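K.L.:
My questions will all concern the structure given below.
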Amino acid sequence: MAINNKTTTILLVVYTVVATVNVVAELQRFDHRPTKADGSLDILVVGDWGRRGLYNQSDVAFQMGKIGEKMNVDFIISTGDNFYDDGLTDDQDPLFVESFTEIYTAKSLQKQWYSVLGNHDYRGNVFAQLSPTLRQRDSKWLCLRSFIVNSEIVEFFFVDTTPFEDKYFTEEDHDYDWRGILPREEYLSNVLKDLETALEESSATWRIVIGHHTIFSAGHHGNTQELVDQLLPILEEKEVDLYINGHDHCLQQISNPNSELQFLTSGGGSKAWRGDINQWNPNELKFYYDGQGFMTLRITEDEIGVAFYDVFGEILHEWSTSKYTNKDS
């Protein structure tokens, strides 16, 4: 990693991929250019995983490696809750190696990982996961609070959703690391303002927002009302194509009746099978699976294709959209 203090440009080199970071408003921006000749991107998405390989985490990782090789994936997205149950203690915590480096060992998974924080991550030392020391221990790791990944035809906007939830500031069963968040109202205002500005300035064909928490979900946690009230209006106004989250330990697709926005959950990286599902309008709930698995994205100039895989590597559900039509499989 080289830092040019004059231009405030950071170069992160992972195999043949070069990512450049600068600043858009208050959000760091990484340019992760497609390497395929047609400009397409293939991406794996997994969430709620870090359990030292237990609860089928290793099995999910194995299938991710196989599908990743087949697709020649460009990078991997983590939707948060990266380390259970209480995040990392510091940047030397062995849990990092035991739940990440030693689990995602396939060659196809040695690409850049872009990760957001989940609520379980906030129960530990948040700055440990954000620390450059982790990138020195494993160069594929990158976790920030909120940031942008620009891949030319698509931009990904990663949003720190945990501080939006009121209950985390009042519950007594767990302690949260709120360093860098307080005063909360100012922090949340800046996150929303910076996201809105970045979406407004984006010229990408596709715009995808990533957060840990659900906006809408038929799963155990259900809807996150704070995000429905504060984040959703921005996504709808700026015509975001997908909102992708974890938090509920399931795989899921919900359609928005008010726009083309789709809500996709990929939170099946390890412990799952809660056995509960809330009633939902079948015209909106396109797919729900209570078990472990992961999601893939294939993005071209004309189309996004989504596939959900189970722990055996079988496709459970596929969906695609273009700027002109939507198709379900």
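Just so you know, glycine gets a Cβ as well, placed from its N, Cα and C.
Values in this document were obtained by computation on a predicted structure and should not be read as measured data.
Pulled the feature table from TrEMBL, pasting it below:
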BINDING   Asp48, Asp81, Tyr84, His249  Fe cation 1 binding site
BINDING   Asp81, Asn119, His212, His247  Fe cation 2 binding site
DOMAIN    43-250  domain 'Calcineurin-like phosphoesterase'
K.L.:
Have a look at the binding-site residues Asp48, Asp81, Tyr84, His249 and say which one has the shortest Cα distance to Asn119 (Fe cation 2 binding site).
P.N.:
Asp81
K.L.:
Cβ within 8 Å of the Fe cation 2 site centroid (Asp81, Asn119, His212, His247 excluded): which residues?
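P.N.:
Output for this site, in sequence order: Gly47, Asp48, Thr79, Gly80, Leu117, Gly118, His120, Asp121, Thr161, Thr162, His213, Gly246, Gly267.
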K.L.:
For Fe cation 1, what surrounds Asp48, Asp81, Tyr84, His249 with a Cβ no more than 8 Å from their Cβ centroid?
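P.N.:
Checked against the 8 Å cutoff, the neighbours are Gly47, Trp49, Gly50, Arg51, Gly118, His120, Gly246, His247, Gly267, Gly269, Ser270, Lys271.
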K.L.:
Looking only at C-alpha atoms, tell me how far Tyr84 (Fe cation 1 binding site) is from His247 (Fe cation 2 binding site), rounded to the nearest Å.
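P.N.:
That comes out at 12 Å between the alpha carbons.
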K.L.:
Within 10 Å of the Cβ of Asp81 (Fe cation 1 binding site), how many other Cβ atoms can you find? Include all protein chains, please.
P.N.:
30
K.L.:
Within 10 angstroms of the C-beta of Asp48 (Fe cation 1 binding site), what count of other C-beta atoms is obtained when all protein chains are considered?
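P.N.:
A count of 30.
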